[in-house]
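Working notes for the structure below.
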Amino acid sequence: MKDLFILSGPTAVGKTEISLNLAKALRGEVISSDSMQIYKHMDIGSAKIFEEERQGIPHHLIDVVEPWENFSVAEYKNIAENKIEEIYNRDNIPMLVGGTGLYINSIIYNYSFTDANKDNDYRDYLEKLAKEKGKEYIHSLLKDIDEYSYNNLHYNNLKRVIRALEVYKVTGKPMSQYAKEEKENLFNIPYSIYYFVLYMDRDKLYDKINMRVDRMLQEGLLDEVKELKEMGCNETMQSMQGIGYKELLYYLNGEISFNEAVYLIKKGSRNYAKRQLTWFRRDPRAIWINKDEFENDDAIVKEILNKFNKLKGF
C-alpha cells in the first residue's frame with residue numbers, strides 16, 4: 001500500500017511551518033484538511049497559507065468554492081482522493097494537513113457517502129404508516145426480520161426503528177449485522193497511514209489562540225468580513241458559520257459590540273481546540289507529539305521523521 005501522511009492538531013498549535021519542512025524532507029504535497037480554507041476570499045480568518053509562503057511546496061484544496069456555496073464532506077473526500085492519486089502519479093507523498101477531523105476521517109476510514117443503503121420512498125411510506133397505525137405497529141414489523149433491533153429499540157425511537165427497517169429492505173441484512181460489517185471494514189483503506197497529532201500545554205495553547213485572534217484582527221479580519229457582507233454573504237451560509245466570521249457579522253449587523261465579538265471569537269476558538277483534541281484521541285492510529293518537549297520546530301520535524309522511518313522499517 002502507498003503512504004499517506006497526516007499532520008493534524010488543534011487550531012493555533014503551529015502545524016503550517018512544520019508541515020512545510022516535513023514536505024521538503026518527504027517530497028510531499030500538502031492537501032489541506034481545513035473546512036474554512038476551502039472557501040475563496042476567506043483568508044485571514046482561516047489562517048490560509050498564501051502562495052508566496054508555500055516555499056515551492058504544492059498545496060491543494062485551498063480556494064475551491066465561493067463563500068456562498070455549500071461544500072460537503074462527501075465532496076471533500078471525492079476531490080481529495082483524486083488529488084492523492086495525482087500525487088502518487090508524480091511519485092510524491094500526499095500529506096493531509098489541517099485540523100478538521102471529519103475531513104481527515106473521510107479519507108482514513110472506509111466511510112461511504114453514497115445513498116446505496118437508503119430508500120427515501122420506503123422511509124416516507126413507513127412514516128405515513130406510523131401516523132395511521134401507530135409507532136407500536138411499525139416497531140412490530142422488526143420482529144421477524146431483525147430480532148436484535150426489535151428487542152433493543154423502543155417503539156418511541158421511531159427514527160431508528162424506521163432506519164432499521166430501511167436497511168433490511170435495501171441490504172437484506174438486519175441492522176446489527178450491517179453495522180458489524182461496516183465496523184469491520186472501517187480500516188479497510190488503500191493507504192499506509194502515518195498520522196501525527198501536535199499538541200501542547202493547554203494554557204499555552206489558549207494563550208496562542210488569544211494572541212492569534214488579536215493578530216488576525218490587526219491584519220484586517222474585520223475588513224475581510226465587511227467585504228464578504230458586501231458580496232452578499234450572510235449568517236445563513238455555511239461559510240459564515242466559521243469562528244471569527246459569524247461573530248464579526250453579528251457585530252456588523254448591530255447585534256453585539258465589537259468587544260463582545262472579540263470575546264466570543266476567542267472563547268469559540270478555545271472551545272473548538274478542546275473539541276478537536278477530543279476528536280483526535282478517538283483514533284488509535286494517531287501518534288501524539290508534545291511540542292513542549294522540543295526546543296524548536298526543527299527538533300519536532302526531526303522527531304516526526306525518525307518515527308516515520310521507524311514505522312516504515314528503515
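Note that Cβ sites are derived from N, Cα and C of the backbone, with glycine treated the same way.
Since the structure is predicted, the reported quantities are computational estimates derived from the model, not experimental observations.
Within the listed segments 34-37, 202-205, 254-257, 274-277, Swiss-Prot records region 'Interaction with substrate tRNA' for the stretch 34-37. The recorded positions in question are THR11, THR16, THR100, and the one with the fewest Cβ neighbours inside 10 Å is THR16. Each residue in GLY99, LEU198 lies on the same chain as GLY9, PRO10, THR11, ALA12, VAL13, GLY14, LYS15, THR16 and has a C-beta within 8 Å of the C-beta centroid of that ATP site, without being one of the site residues. DSSP assigns THR16 (ATP binding site) to a helix in the three-state reduction.
Under the DSSP three-state reduction, PRO10 (ATP binding site) is assigned to coil, being neither helix nor strand. Outside the region 'Interaction with substrate tRNA' (34-37), and at least 6 residues removed from its termini, the chain residues within Cβ reach (under 8 Å) are 45-48, 61-63, 71, 76, 98-100, 102-103, 239, 242. Summarising the environment of PRO10 (ATP binding site), the number of other Cβ atoms within 10 Å of its Cβ, over all protein chains shown, is 27. Other residues of the same chain near the substrate site, with their Cβ within 8 Å of the Cβ centroid of THR11, ALA12, VAL13, GLY14, LYS15, THR16, are GLY9, PRO10, ALA47, GLY99, LEU198, LYS208.
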